[in-house]
Each structure stands twice: as C-alpha cells, then as structure tokens.
Amino acid sequence: MTVFLSFAFFAAILTHIGCSNQRRSPENGGRRYNRIQHGQCAYTFILPEHDGNCRESATEQYNTNALQRDAPHVETDFSSQKLQHLEHVMENYTQWLQKLENYIVENMKSEMAQIQQNAVQNHTATMLEIGTSLLSQTAEQTRKLTDVETQVLNQTSRLEIQLLENSLSTYELEKQLLQQTNEILKIQEKNSLLEHKILEMEGKHKEELDTLKEEKENLQGLVTRQTFIIQELEKQLSRATSNNSVLQKQQLELMDTVHNLVSLCTKEVLLKGGKREEEKPFRDCADVYQAGFNKSGIYTIYFNNMPEPKKVFCNMDVNEGGWTVIQHREDGSLDFQRGWKEYKMGFGNPSGEYWLGNEFIFAITSQRQYMLRIELMDWEGNRAYSQYDRFHIGNQKQNYRLYLKGHTGTAGKQSSLILHGADFSTKDADNDNCMCKCALMLTGGWWFDACGPSNLNGMFYTAGQNHGKLNGIKWHYFKGPSYSLRSTTMMIRPLDF
C-alpha cells in the first residue's frame with residue numbers, strides 16, 4: 001500500500017536541511033520524492049524545492065586565514081535570529097512528525113487488524129477444510145483400527161484359550177513328572193538298600209567261605225592224620241590178629257579185672273548210701289553257702305524225686321552269693337543247637353559252658369520260691385544284669401513253661417524275657433507261637449513264644465562277627481535284636497536267702 005502525503009512545513013525543513021548539508025545541481029529542478037519502506041507498507045513523501053536564497057555559510061564569507069577585526073560582524077545578530085527561528089520550526093516539525101507517527105501507527109493498527117481478520121477468516125476456512133478432511137480420515141482410521149482391534153481381540157482370545165489349554169496340559173505333565181520322579185527316588189532308595197544288603201551279604205558270604213575253607217583245610221589235615229592212624233591201627237590189628245593167643249590171654253586178664261572193679265564199685269555204693277543217710281544233702285547253692293562254703297566252685301546237690309545227685313556251679317561272689325548257675329556261655333566251645341532230650345537232662349561242664357537241664361531246673365524251683373538273675377557282657381566289656389523276683393518253670397507235660405514276675409536291672413527298662421508264660425522249644429520240639437519254627441531259625445533251645453526279644457542259647461559269634469546276627473546270643477533291650485553277646489550267666493537263689 002502506497003500513501004502520498006504532502007506537507008509544506010515538512011518540505012521547508014527538508015529544504016533547509018538540504019541547504020545546510022548538501023547542494024543540488026540545477027538540473028534537478030522541480031519536485032523531489034522520498035520513498036520509505038516499512039514492513040509491507042511503503043510511504044512516499046513529496047518534497048518541494050527550496051528557493052535558493054540560502055545564505056553562504058560563515059566559512060564561505062570569511063577567510064579563515066584573515067585577521068580578526070576589532071568589531072563584531074554585522075551578520076551575527078541575523079544568524080542568532082535565524083537559528084532561533086529554525087529551532088522554533090524544528091520544534092513545530094517535531095510535533096508534526098510525532099502526530100504523523102501517531103497517525104501512521106493508528107492506521108497501521110487498523111490495517112494490521114483488518115489483515116489479521118482476513119487472514120484468520122482465510123485460515124479458519126482452510127482449517128475447517130483440513131479439519132473436515134482430518135475427521136473423515138480419522139473416522140476411516142478409527143474404523144480400520146476398530147476392525148484391527150476386533151481381529152486382535154479375537155486372536156488374543158484364541159491365544160488365551162490355547163495358552164490355558166497348554167497350561168493345563170503342562171500342569172498335568174508336571175504332576176505326572178513329579179510322581180514319576182518320586183517313584184524313581186523311592187526305587188533308587190530301595191536299590192541303595194538292596195545294594196547295601198547285597199554288599200553286606202557278600203562280605204558275610206566271603207567271611208563264611210574263608211571260614212569254610214579253613215575248616216576244610218583243617219578237616220583235610222584231620223582226615224590225613226586219621227587215615228595215617230587208621231593205617232597204623234590196621235597194622236596193629238593185623239599184628240594182633242596174628243598173635244591170637246596173646247589176645248585171648250589178655251581177654252582173660254581183662255575179664256578178671258572187670259570182675260574185681262564190679263565188686264569194688266558195689267562196695268563203694270553201699271558205703272556212699274550209708275553216708276547219705278548220715279549227712280544232710282544240699283538242695284541248692286544257698287544251702288551250700290549257709291553250710292559255710294562261701295567259695296565259688298562246683299558242688300553236688302540233691303533233688304527231690306531224682307535218683308542221682310547233680311554237680312552244679314555255685315556263684316558265691318555276686319550279690320552276697322548263694323546262686324545256683326543253670327546256664328553259662330563264655331567262649332563258644334559248646335554247641336547249644338541240641339534236641340529236646342539233651343535240654344531236658346542237661347549238657348556241658350559246670351566249670352565252663354553248660355546247661356543244667358530243664359528237668360533239674362523244674363525239680364529245684366518246685367522245692368521253694370526262687371528269684372532269677374541274668375548276668376550279661378558285650379564285646380566292649382560292658383556288663384549289665386536283669387533280675388526277676390519270682391521264677392519257676394512247669395514240668396515236661398507243660399513244656400517247661402516259664403513263669404516270671406517283678407523285673408529290675410540295668411539290661412533294659414523292659415524285660416527281654418516273656419513274662420506272661422512261654423513254652424520251651426528246641427529244633428525237634430516246636431512249642432512256640434510262630435509258624436516259622438523259631439528254634440530252627442534262631443538256633444538253640446529257648447522260651448521263644450513268637451521268637452521274642454531274647455535267646456541266650458543262640459549261636460556263638462566271635463568279636464567282629466557279632467553284628468547283624470539274628471540267630472546269635474541276644475538280649476534285645478540291652479544291645480538290640482542283632483547283636484550277639486560275649487558271655488551270659490543264668491543263676492537262681494531262694495527268695496528267703
């Protein structure tokens with residue numbers, strides 16, 4: 001936009017400024033235009049020419065090299081007035097310029113407002129078109145997104161269902177795997193136990209084989225020696241047969257000697273019978289002790305309804321003495337795997353390992369009331385005992401049934417003997433309460449009941465081989481069910497001792 005303004009006073013001041021600062025050439029006569037660009041607006045000012053009556057400046061009128069006159073120049077007052085006039089004109093022009101500036105600013109504000117309004121209207125229409133286009137595009141995109149979302153939801157639902165099915169299948173598989181793992185662990189534990197038992201059995205079998213080999217070698221040596229002895233005997237027999245007359249003579253001499261011995265024995269029996277009538281017989285070791293014999297050893301005692309006396313070992317040292325020993329184990333020199341008759345009448349030597357005999361035990365305990373004391377020792381040297389306040393057994397018809405009362409001692413808080421009554425069993429007389437025949441399985445003769453927690457007549461095992469032996473000399477509540485003891489002693493004493 002171009003605005004043409006003409007101001008006389010503005011032209012005059014510009015003419016004066018032009019006269020003061022520059023000279024125009026004669027060929028530039030007429031009007032002069034001054035164009036000012038301000039942003040988008042251009043302003044053109046028409047300026048009139050000056051009249052050419054400008055006075056020469058002081059520098060042109062005076063010679064700078066001339067001497068100063070004594071009196072002031074006549075033009076000085078005129079210049080002062082002219083300067084004041086110019087200052088007054090400048091003030092007026094300044095006011096006009098300020099008004100012009102205000103006018104331009106106000107016009108520019110209204111024009112700028114109009115331009116902005118037009119621009120806003122144009123922009124609004126454009127924005128509406130763009131908004132409408134965007135809305136349509138947004139609606140289309142929204143529809144597409146909705147379709148995609150629906151497809152994603154459907155696919156997600158299918159995946160979730162499949163994932164759930166897979167989770168259930170995985171859970172079932174994990175459960176089955178856990179069960180199989182537990183079964184495998186149980187099988188492994190059983191296999192470990194079986195391997196351990198097999199190793200133990202192999203060790204035992206190896207030891208038994210070594211023992212059998214040693215016994216075989218010993219037997220072979222014994223057979224060799226016996227063969228040699230038999231050969232020597234055969235030689236002697238051949239020599240004796242050849243000398244029949246000498247044998248007949250010796251036979252006659254032996255017959256005479258036998259007759260003499262028979263006569264002497266008859267006299268000795270008659271003499272002993274007379275002494276028995278004179279001396280009071282001992283019923284048990286308590287009578288021996290009370291008769292003044294307080295040293296442990298072998299003594300002869302007599303039983304009611306028994307034709308012959310019996311040699312027994314009397315313990316005079318344990319718990320004030322007077323104990324009649326009915327069983328003793330110490331070194332395994334005697335085999336306790338015997339039949340009913342041998343356990344009935346007894347076997348062994350009272351000075352070592354022996355069993356007194358069930359018939360004699362019944363005869364003693366039928367005389368008066370007795371207590372029972374059992375002394376035990378393990379292979380580590382530990383000693384213990386079990387004592388019963390009442391002890392007796394039945395007769396043979398009752399299978400020598402055991403009767404006990406009142407248990408005390410250090411060999412376990414509970415009794416390893418059956419208190420309520422158990423019949424005696426041997427390998428040839430099964431009187432226990434078990435189908436397994438305890439006497440055959442556990443060896444020895446004992447009051448087994450249903451095999452029970454004790455067997456002091458079992459197999460004797462030496463040190464190092466006494467563990468894990470169910471058929472050994474056992475007392476369950478002292479050393480457990482499979483520990484074979486080193487020594488045992490069963491002894492009885494009258495309750496009123």
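Here the Cβ of each residue, glycine as well, is placed from N, Cα and C on the backbone.
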Candidate ranges 81-119, 354-392, 432-470 [criterion: Swiss-Prot lists as coiled coil]: 81-119
Residue among Cys54, Cys314 that, according to Swiss-Prot, closes a disulfide with Cys285: Cys314
Least surrounded among the disulfide-bonded residues, given as Cys314, Cys438, when other CB atoms within 10 Å are counted: Cys438
Between Cys314 (disulfide bond) and Asn294 (N-linked glycosylation site), the C-alpha gap once rounded to whole angstrom: 9
Other CB atoms, at most 10 A from the CB of Cys285 (disulfide bond): 29
Confidence summary for the domain 'Fibrinogen C-terminal' (276-496), mean pLDDT rounded: 92
Densest Cβ neighbourhood among Asn92, Asn122, Asn154, Cys451 (recorded positions), 10 Å radius: Cys451
Pairwise Cα distance for Cys451 (disulfide bond)/Asn294 (N-linked glycosylation site) [Å, integer]: 38
Top Cα neighbour of Asn294 (N-linked glycosylation site) in the set of recorded positions Asn92, Asn122, Asn154, Cys285, Cys438: Cys285
Rounded Cα-Cα span from Cys438 (disulfide bond) to Cys285 (disulfide bond), Å: 33
